[in-house]
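What TrEMBL says about this one:
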| type | residues | note |
| --- | --- | --- |
| SITE | R15 | site 'Transition state stabilizer' |
| SITE | K22 | site 'Transition state stabilizer' |
| SITE | R152 | site 'Positions MEP for the nucleophilic attack' |
| SITE | K206 | site 'Positions MEP for the nucleophilic attack' |
Amino acid sequence: MKEYVIIVAGGSGSRMGSSIPKQFLELDGKPILMHTIEAFLLYNGAIEIILVLPEGQISHWEELVHKHQFSANFTIAKGGTSRYASVKSGLSKIKEEGLVAIHDGVRPFVDTTVIQNAFETAKAKGNAITSVALKDSIRKVLPTGGNQTEDRTHYRTIQTPQTFQSQLLKGAYEVTELPTFTDDASVIEHAGHAIHLVEGSYENIKITTPEDLYIAEALLKKRHR
Ligand SMILES: Nc1ccn([C@@H]2O[C@H](COP(=O)(O)OP(=O)(O)OP(=O)(O)O)[C@@H](O)[C@H]2O)c(=O)n1
Ligand SMILES: C[C@](O)(CO)[C@H](O)COP(=O)(O)O
C-alpha cells in the first residue's frame, strides 16, 4: 500500500515567541523541520512527503533548502489558519489511495519503530494514534471552582504520528471544523470511528516552548554519542 506523510508545519509558533516560526529554528545546524523529514525518510526512503507550510513562509523555506543543500523530495501545500485547515490542505494533495501519517513538523525525534508500528496498525485497523502513559499526577479543575484528583491510569498523552487509511481520513475531514479539535484522532472520532492507540515514545517531544529547545539539544547529544 502506498505510504504518505503529511508533515504539518503551517503554524506560527506563538508559544515559542521566536522571531521566525519555530519549525525553522536550527538544531545541530539544521532547521527542526529538516530533522523531522529525515526521520520519515529513515523509515521509508520512498514515502511520499507532503509538507504544509505557512503561505507567507514558502520562499523562506526554499531559501533554507538551498542554503542547507537539502535534497529530499516533497510536495508543498499551503497552511491554513488552524491545524485542521492545514491538515485538510495537505490531504487535498493525496490523489491515490493509501495509508497517511499526519505528523507535527516540530516533533523531530520520532523514531522508525514508532512510525512502522503506526503504519502497520493503521493498515489492519483503519487508524493508529500514538500515545504514552502520563508520568505526573493529575487533577481536574472543576467548573464550579476547586479541583479533584484523577486516576492517571485512565489517561494517555497523545502524540503524532496519527496514521490512517487515506479514504477514512478524507471522509472525516469533510465534517465541519469544531474549535475543540486539536488533533486528527478527534476529527475521526467525531465522524464516528473508534480510535486505536499505539505506543509512542517519551523522546517524541513536541517543541512548543523555549525550554523544549534545551531538551531537544540534550536528546540530539544522546543520539550522537
Ligand atoms: N495553522 C496551523 C497551526 C499549527 N500547525 C502545525 O501543527 C503542529 C503542532 O502545532 P503547535 O505546536 O501548536 O504549533 P504552532 O501552532 O506553530 O504553535 P503555537 O500554538 O504556539 O502558535 C506544528 O508543527 C504546527 O506548525 C499547522 O500546520 N497549521
Ligand atoms: C497533535 C498534537 O501534537 C497531539 O498532541 C497536539 O494536539 C497539537 O496541539 P497544539 O495545540 O496544536 O500544539
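Glycine residues also receive a Cβ, built from the backbone N, Cα and C atoms like all the rest.
Unlike curated records, TrEMBL annotations are generated automatically.
Checking the recorded sites R15, K22, R152, K206 against ligand 2, the ones with a C-beta less than 6 Å from an atom of that molecule are K206.
With a 10 A radius on its CB, R15 (site 'Transition state stabilizer') counts 13 other CB atoms from all the protein chains. Scoring each of the recorded sites (K22, R152, K206) by how many neighbouring Cβ atoms lie within 10 Å, the top position goes to K22. Put simply, R15 (site 'Transition state stabilizer') is 26 Å from R152 (site 'Positions MEP for the nucleophilic attack') when counted between their Cα atoms. Under the three-state DSSP scheme, K22 (site 'Transition state stabilizer') falls in the helix class. Across the structure, K22 (site 'Transition state stabilizer') and K206 (site 'Positions MEP for the nucleophilic attack') place their CA atoms 11 angstrom apart.
In the three-state DSSP assignment, the secondary structure recorded for R152 (site 'Positions MEP for the nucleophilic attack') is helix.
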